[in-house]
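Heads up: the structure comes next, in structure tokens.
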């Protein structure tokens, strides 16, 4: 071959950058080009809720707290008297009391060795309690940042402070319910019978508590006598684990939601179920994850893991409105004033609805994963979230400018 022909052939083989369509990296080993198809199939099978919490188009939050590093934030509560203070617990075995104004850490609650799954401030905000999944409960003074009490129980499902006294209630996976006076540690127990105590609340009279159990039972406990006044189970009770509870403002009714896709309204004084609300089921593994009484109307709101959001008219025991909600609902909160309510969702958004007509009023974006918990300040000025994306965000609830 002549030198001229060889040069022309080399010119033909030369790569022009403008003609490159794609660059493929070659592995040292063999490449199975069916992998791309398999990956596409895997992506198609991705959990819809995880896929739903994609990067938001905007971040509506006023502040992001990232103290829990690369771990999910499981729970959050706002100080009852000072909206500039919040507490969060996370999968990193830590809890933080921090400023909602600038994100600075006020107190790191140390000593936990498992996920901190429940937190809360005492009624006056003087103390903060943290509990982990192994059963260690700690109480700290907020002003001095010192630990004043601790207790090791079985695996703790939840804790709640009394609304008017330094008294702490806790439910455990073995079904025990414990009540302590803090910091003295004076103890009362409400004996379990096997199934876990999955949720619980002090009732408005301050003399009784309502507890939901893993077998579907709901019990009304007398705090003075340690006796169960009423046990709602069997034919009248839920057929699956009770996941959520709420009570109405005057303390006459309790609302429970369960894995059997029902919400039950029970008269606290008589222990009689007055309504069974059958919620819309979206998937085989659906459940009622959150329930709430409206504080201004005779309504109840139910939310399911499948994304069904329904407003119920209690006198007629019928669905008043079915609200459009794109993904699984984790929590519902009805503020003490106004006819609106809020939901947290597995798509990472907070939504506000009007309970009178079911209309979506506002949506707050910012998280890249599901919101596992949220709380609203007592003055209604802010909302603080706990998310699977390792962050907690502060959202202003001030009216949007028009």
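Counting begins at 1 with the first residue displayed.
Every residue, even glycine, has its Cβ placed from backbone N, Cα and C.
The compositional bias 'Acidic residues' annotation in TrEMBL covers 1-14 (among others).
Positions annotated as region 'Disordered' by TrEMBL: 1-64.
Summarising the annotation, TrEMBL assigns compositional bias 'Acidic residues' to 26-50 (among others).
Residues or ranges marked as compositional bias 'Low complexity' by TrEMBL: 51-62.
The DSSP breakdown of the repeat 'WD' (109-150) into helical (H, G, I), extended (E, B) and coil residues amounts to 0 helix, 24 strand, 18 coil. Per TrEMBL, the feature repeat 'WD' maps to 109-150 (among others).
Per TrEMBL, repeat 'WD' is recorded for 190-231 (among others). Per-residue pLDDT, averaged over the repeat 'WD' (190-231), rounds to 97.
Nonlocal intrachain contacts for the repeat 'WD' (235-276), taken as residues 6+ away from its ends with a CB within less than 8 angstroms of a stretch CB, comprise 196, 198-201, 203-205, 208, 210, 212-218, 220, 229, 286-293, 295, 300, 302, 304, 312, 314, 317, 336. Marked as repeat 'WD' by TrEMBL: 235-276 (among others).
For the repeat 'WD' (281-322), the residues of the chain that approach it from at least six positions outside its boundaries are 240, 243-249, 253, 255-259, 261-263, 265, 275, 328-339, 341, 343, 345, 353, 355-358, judged by C-beta separation under 8 angstroms. Taken from TrEMBL, the feature repeat 'WD' covers 281-322 (among others).
Note on the repeat 'WD' (364-402): residues 49-50, 53-66, 68-78, 80-81, 83, 86, 88-90, 100, 328, 330-331, 333, 335, 337, 342, 344-351 of its chain, located 6 or more positions outside it, place their CB under 8 angstroms from a CB of the stretch. Per TrEMBL, repeat 'WD' is recorded for 364-402 (among others).
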Can you work out which residues elsewhere in the same chain, 6+ from the ends of the repeat 'WD' (109-150), have a Cβ less than 8 Å from its Cβ atoms?
74-82, 85, 87-91, 93-97, 156-166, 168, 170, 172, 180, 182-183, 185
Give the nonlocal contacts of the repeat 'WD' (190-231) in its own chain as ranges (CB under 8 Å, at least six residues past its ends).
157-158, 160, 162-165, 169, 171-179, 237-247, 249-251, 254, 256, 258, 260, 264, 266, 268, 270-271
Residue counts in helix (H, G, I), strand (E, B) and coil for the repeat 'WD' (364-402), per DSSP?
0 helix, 18 strand, 21 coil
